[in-house]
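Asker: Below is a structure I'd like to ask you about.
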């Protein structure tokens, strides 16, 4: 029972092992088994045939040898010469080394003589039984006069027994039994044939296994290199090469692999160069735009950010690519911006035809002077229309906000300035109409004068707006030689009444060397009129206002209306200095903007907020700019440089 179970386990294990092998290995095993069986069988058959032929030849030799001996023995037996028979047999036995023994028997099976006798004595039973059976053997188609050859073992030695019938003239004299030592090669040929057949069978399997092992050891390394190269190419490393020389199909495969890798590397380089070029173009374009640009992936990591955005966030010297944007935003912006980004990312699994956009305007870093507009847009894949990233445009709208505030302030000021004179004009004209019969001439003149002054105020306001609009357009000024001292005297004369009324001192400090200059008289007069008017407006009673004109030596080229004038040119500096309320450092940066009117303790003063903006735009036509120095409660100094010709 145990043997059966073990046998079944062995069969089951072999079956499982066989099923684990792939088809190629199975076919190779079957082919090897078939070839080994065929070769072993052919070898066994060929050697068996050779052995049989050798045995037949040996038997014939033994028969012939027995026939030669029997002729002499028959004569001696026939003549009953026993002494001669013994002598002849001894001679033959001693001279022939291959003869193991010689026995002579009578025809009835009785022993007559034999050499050596000890063999007969030890094996007598087998000999007696043999010779007793000989008469019966002759009956069975065995011719009695033909020697009988058979194999026998004496003391574990193989002996060829030759039994020769001794017959003369039809008389059966007896038997001659000669034992000849068998040829050792023939005796061992049976085992040798089996060993050779088994050895051939095993050798075929051994050679197949050795060949397969050598082939595997030879092929496994290049195949592993090919597999490694395929993995590297799959991962994007197209520089992989196999530096092994092989012939045949494997060599062709390696050559084709290297060619494929080289082409892929070339294509990758071309694509990378193209993508790099396009990326550089895009980065250059994005870097030159005035707005900040940020591109985020789905995890809010920064893919791209330009310098404007870095400066806006306050990280101009840091590389934020690959880092989370949430780590670099102020808390109040993060709380408002991240929910908008999350809303955009909700479309990542929804196909849509247009990219949704969201907008956020917020003060940056709690600084109310800095306002940014965040424009958020989801970037969709063109092929699948699925969400891939988020684009953020950062616009600094601080100036826009300031202009809007200034515009609103200006509109309020203009509305107030328009409403007051219009109301005054309307009131006094209605009074004149309704009560003209009861008013004195002096009162009528007084009312008309007030209405006229209010009309002038309206005219000044409208003219300021028109002048500023004209200056900001492509208006061309035509320059000519003017007398600076006369220009200043006319301006002082205009303000003389106001200065006297406000108890102000208007002082002119003019370098006597300065007489004529090249300028546009109306525009220069307007610049000085606006600067002096501002100084008068913001200087308290008893204060001084100084108009200083000094000379600055320089060698330069003066260009008027795109026409260069060469020569030795002196620069002059015109300053308007007052002892007014002063302007703070913060307000000095924006007082030259349109619609800006500084609100302070003197906010009840009239003004449209256009005067200094007009000054700035006029002086730009002169290729110069107005400068300011001011200190609160000390005073203010405006100056600009112009040129005169010697």
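Glycine is treated like the rest: Cβ placed from N, Cα and C.
In TrEMBL, annotation is done automatically, which means it is predicted and not curated.
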Asker: For the transmembrane segment entry in TrEMBL, name the matching range from 169-191, 192-214, 215-237, 238-260.
Answerer: 192-214
Asker: Which is it, of 27-50, 51-74, that TrEMBL names as transmembrane segment?
Answerer: 27-50
Asker: Can you name the far-off residues of the same chain, 6+ from the ends of the transmembrane segment (192-214), with a Cβ under 8 Å from a Cβ of it?
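Answerer: For the transmembrane segment (192-214), the nonlocal Cβ contacts are 28, 32, 35-37, 39-41, 43-44, 47-48, 51.
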Asker: Can you name the far-off residues of the same chain, 6+ from the ends of the transmembrane segment (27-50), with a Cβ under 8 Å from a Cβ of it?
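Answerer: Those are 21, 189, 192-194, 196-198, 200-201, 204-205, 208, 212, in sequence order.
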Asker: Please list the DSSP helix, strand and coil residue counts for the domain 'HAMP' (217-269).
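Answerer: Grouping H, G, I as helix and E, B as strand yields 40 helix, 0 strand, 13 coil.
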Asker: Please count the residues of the domain 'PAS' (278-339) that DSSP assigns to helix (H, G, I), strand (E, B) and coil.
Answerer: 31 helix, 11 strand, 20 coil
